[in-house]
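First up is the structure itself, then whatever we jot down about it.
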Amino acid sequence: MVSSDAYTLLQVLVAKWQSRTCSGKYVLPWIYHILVNHGHHVMSQEPASQMLNSLCKITKCRGAAIQSLLQLSGRLQLVMAQIDKASQNKIQILAHDNEIDESEDEDEDVESTIRG
């Protein structure tokens, strides 16, 4: 890709990411590769500093949001694990109670046979 085309593509990608018409999942790898491979040319362009400043602001803002979402996700996973563990404990208790009930029934059968 020619450096001038890469710079134009970078402008379009930053605008799309800023307007949220494209997901960062798809846009960020392209932005990264353009900056790595054509960073010298991008920095030599006149309005590049404004575009890079806006890119930096967007990245920081989205990064802060992602950090909060990751913390929330971790908490939800912890709660779900606790719920799963509690339900497994309840199932084990119910199974144990059923075993006790069955053994009591067997004891009653043995006692009735002995009396009979």
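Glycine residues also receive a Cβ, built from the backbone N, Cα and C atoms like all the rest.
Listed in TrEMBL for this protein:
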- 99-116: compositional bias 'Acidic residues' (COMPBIAS)
- 3-80: domain 'Small-subunit processome Utp12' (DOMAIN)
- 97-116: region 'Disordered' (REGION)
PLDDT averaged over every residue in the domain 'Small-subunit processome Utp12' (3-80): 85
Residue counts (helix, strand, coil, in that order) that DSSP gives for the domain 'Small-subunit processome Utp12' (3-80): 71 helix, 0 strand, 7 coil
